[in-house]
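Only one structure is covered here, and it is reproduced in the block below.
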Amino acid sequence: MISLIIGIMVSLVVTIVGTPLLIKLVHKLNYGQYIRQDGPKSHLVKRGTPTLGGVVINLAVVLGWCSSALYRFLTRGEVPSWSAVLVLFAMLSMGFLGFIDDFAKVRKKQSEGLTVKGKFIGQFILATIYAVLALILPTKSGFPSAQAGMSFIEKPFFSFEFAGRVVAIVLFVIWVNFLMTAWTNAINLTDGLDGLAAGSSMIAFIGYAIIAFWEFYHLKGSDHPGFTYAVSDPLDLTIIAACAAVACFGFLWYNSNPASIFMGDTGSLALGGLFAAMSIATHTEFLAIILGGLFVIETMSDIIQVGYFKMTHKRVFKMAPIHHHFELKGWPEVKVVVRFWMIEMLFVLIALVLFYGDWVARSGL
């Protein structure tokens, strides 16, 4: 518990202290956000707002976990787990890809950075590296960092092992690529209003911190009664999820309306990569659809808008993603953000109830 508190406190201090320093640096370098011309006209005043805020979020999560790991090493002789390193790799690698995208935007002085093809290739390479390492690297607990299958909670309802190990690895790589691409793009789409992505991500990662801690408390081989989980190093996952939630909380102090800084793709892609990796590491890939329900709604609204327009040349929403639809209906930006936070809270609550209900059912209580 002390290691968890240390991680949380370090992450909070890094974001609270580091974000204003980054704002000054970005101002000095003149790295401001460029606003899409087809967006709501009310957003044009945000042009020039410092971006690259995701750098602080990434740094806060890493330093928070490293501080926690150092404490455990000095007091108990515990070495860092590969599971934690892999989850952080997913976050940092996607964050680095987002940083390249953000840097391209400010260099070209426009709202578009990397090409769709370039971003896809980058995500494919990084997700594939993560997938292969997750299956082959050893862990302290003896449980694999990932399962070659699809899970709602814990045990796969569909295993990729049906046709041998090679096929299982190939299918798992495809599955991980889908998850990484889906969640990075989902949180990226959500990052369209001041504080929306940061606040929603904070709520989602609080949910994952609770899930991972419950899996740690009921880890297979423990003395606690009830169903136990064969999850690799869930305490590390708890700490990382908690650090991510706190990092978003600290960043939100400066990102709330009117935002003093944007997280940019450096932040949204990193948070998406971390969310995907947490779902894989905790064996809750399909539960994540509910846990990150707001991100799913944002993504589906964009898909529906594009698909319907291509078929009929008409629009379902005034603008997509759906948060812009409510803006154009006359809702103040702050009202949209707070209500969307409330929706995400409900999704997380539903996911936690389902997770606990599954544990009760499997425990026979």
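Cβ coordinates are placed from backbone N, Cα and C, and glycine is handled just like the others.
Copied from Swiss-Prot, the annotated features are:
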type	residues	note
TRANSMEM	2-22	transmembrane segment
TRANSMEM	51-71	transmembrane segment
TRANSMEM	80-100	transmembrane segment
TRANSMEM	118-138	transmembrane segment
TRANSMEM	167-187	transmembrane segment
TRANSMEM	196-216	transmembrane segment
TRANSMEM	234-254	transmembrane segment
TRANSMEM	256-276	transmembrane segment
TRANSMEM	277-297	transmembrane segment
TRANSMEM	340-360	transmembrane segment
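Sequence-distant contacts of the transmembrane segment (51-71) (same chain, six or more residues past either end, CB-CB distance under 8 Å): 2-4, 6-8, 10-12, 14-15, 18-19, 22, 26, 31-33, 78, 80, 84, 88, 91-92, 95, 98-99, 102-103, 105-106, 236, 239-240, 243-244, 246-248, 250-251, 254-255, 261-271, 274. Proximity of the transmembrane segment (234-254) to the transmembrane segment (340-360) is not established, fewer than 3 Cβ-Cβ distances being under 8 Å for residue pairs spaced 6 or more apart.
Of the ranges 2-22, 167-187, 277-297, the one with the most Cβ pairs under 8 Å to the transmembrane segment (196-216) is 277-297.
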